[in-house]
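Data block below; observations after.
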C-alpha cells in the first residue's frame, strides 16, 4: 500500500462494507482517508498510519456502504400512464395496450410535445427520491423520442441532470426502443434512421455513453438489433440490450456476441444464453420492478447465473409504463423475495455489479484505495437490513466525491 501522510478528510467511527469481490468484506470500525474526490486509504481505524487530515468526521456507529448505483432507468419522459396501471389490473396485457396505441407510443407522443425545460423539471422531480436513498450514479436512457430531434432532446436533458445535481449520470441511446407511428409496417426503414442518422449524431455530440435496443416480438428482431449494434461499434460506443423479457429470442446470446456490457430483464434467458454471457463478460441486469408490475411468473434463471458466475446487477427500471419505481432499495427486497437472491447478492447488484453494467467498475462500485469517495452511511447494524426493511430509515449521510451531499 502506498504511504499516505496527508489527506483532505478522514472519516471513521462506523463499520465499512466494501463490496470488494461482490461480498460484504466487512471492515469493523473502519476509517477512510480522502484527498480530492478519491479514497487514498481505507482499513481498520486501529491500523490507521500517521495521517494529517485537514478535516475529521466521526460517525457514531452505523454502516458505510458504497454509493448505490441505479444502472437501468428511463427517467426522462413526458406524460403520464397511470391509466394503463388500471387497465392491466382489469386484465389487459402489456402487448394489447401497445397494440391499441398505448404503451411506449403514448409516451413518445407526450415526450415529443414537451419542451426540454418541461422534461428537465419532470425528471428532476423523479430523480430526487433516488438521491435521497443514497444513489450516487444513475443510468438514464432515451427511447421515447424515436426521431433525431427528440432523442437528442432527451439525452441533453439527462446530461443536464448530472450538471444540476450531485450525481454521476451515464446516458444511453435507446432509439431502437419501439417503432414510431410514422414507421408502422416499416421497421427496417426505421432501423436505417437509427443506424445512419441518430446514432452517428448522438456520438458526434457526445450525448451517449452506450447504445441499447429492445429485442422482443413487439419491438425489434435480432437481425434488426444486430444492425444497431454494428452502427454503435462504428460510432465507438459500447452496447447493452433489453433481452428475453417476454419471450426467448436469443437476444442475450446476440448481446454476448457483441460483448455487450449488459443484457437486461432476462426472464426467458436459456442456459446457452447464460453461457454466452459468461464467456463475454456481460452483466445480467435484473429488473424486479417490471416483473412485479407486469405480474410475470417466469423468473430470471438466477441459479444459472450463479452456476456460470455471471454478475447480477439490479436496477429500478424507472419508467412510466411497466416500472413506475422511484426506490432502488425496494428493488433489493423484491430481488430477494421474488427472485430468491441473497441480501449480499442484492447489495452487490446495486454497487459493484451495477458499476460493471455501466463500465465504471474501475472507479466506482466498491470502497477501496483509488476509487471515487462515494458512500452512504446508514443507521443500521447489519447490511441485510437494507434488503429486509420495506421503506423506513433513509441514509444518515451520503458522501459524493468526498463531500457530504446536501
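Every residue, even glycine, has its Cβ placed from backbone N, Cα and C.
Annotation comment: Swiss-Prot describes 72, 74, 242, 317 as Fe(3+) binding site. Here Swiss-Prot flags 72, 74, 242, 317 as Zn(2+) binding site. The 4-imidazolone-5-propanoate binding site feature in Swiss-Prot is assigned to 81, 144, 177, 245, 322. Taken from Swiss-Prot, the feature N-formimidoyl-L-glutamate binding site covers 144, 319, 321, and the record attributes it to sequence analysis.
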(message) If I take the Cα of residue 319 (N-formimidoyl-L-glutamate binding site) as reference, which of the binding-site residues 72, 74, 81, 242 has the closest Cα?
(response) 74
(request) Take the C-alpha atoms of residue 144 (4-imidazolone-5-propanoate binding site) and residue 74 (Fe(3+) binding site) and report the distance between them in angstrom, rounded. (result) 9
(request) For residue 321 (N-formimidoyl-L-glutamate binding site), find which of the binding-site residues 81, 242, 245 come within 10 Å, Cα to Cα. (result) 81
(request) Write down the Cα-Cα distance for residue 242 (Fe(3+) binding site) and residue 81 (4-imidazolone-5-propanoate binding site), rounded and given in Å. (result) 21
(request) Other than 144, 319, 321, which residues of the same chain sit close to N-formimidoyl-L-glutamate? List them in sequence order, counting a residue when its Cβ is within 8 Å of the Cβ centroid of the site. (result) 74, 77, 81, 104, 107, 143, 320, 322
(request) Taking the Cβ of residue 245 (4-imidazolone-5-propanoate binding site) as the centre, count every other Cβ atom within 10 Å, in any protein chain shown. (result) 27
(message) Measuring Cα to Cα, how many Å separate residue 177 (4-imidazolone-5-propanoate binding site) from residue 74 (Fe(3+) binding site)?
(response) 11
(request) Determine the most Cβ-crowded residue among the binding-site residues 177, 242, using a 10 Å radius around each Cβ and all protein chains in the structure. (result) 242
(request) Look up residue 242 (Fe(3+) binding site) in the DSSP assignment and reduce it to helix, strand or coil. (result) strand
(request) Could you round the CA separation between residue 245 (4-imidazolone-5-propanoate binding site) and residue 317 (Fe(3+) binding site) to a whole angstrom and send it over? (result) 13
(request) Whole-number Å only: compute the distance from the Cα of residue 74 (Fe(3+) binding site) to the Cα of residue 322 (4-imidazolone-5-propanoate binding site). (result) 11
(request) Could you tally the C-beta atoms, other than its own, that fall within 10 angstroms of the C-beta of residue 144 (4-imidazolone-5-propanoate binding site)? (result) 30
(message) If you pair up every Cα among 81, 144, 177, 245, 322, the residues annotated as binding 4-imidazolone-5-propanoate, what's the maximum separation in angstrom, rounded to an integer?
(response) 20
(request) Taking the recorded Zn(2+) site as 72, 74, 242, 317, identify the other residues of that chain whose CB atom sits within 8 Å of the mean position of the site's CB atoms, giving them in sequence order. (result) 73, 141, 264, 265, 287, 290, 315, 318, 319, 323
(request) Round to a whole number and give the Cα-to-Cα distance in Å for the pair residue 322 (4-imidazolone-5-propanoate binding site) and residue 242 (Fe(3+) binding site). (result) 13
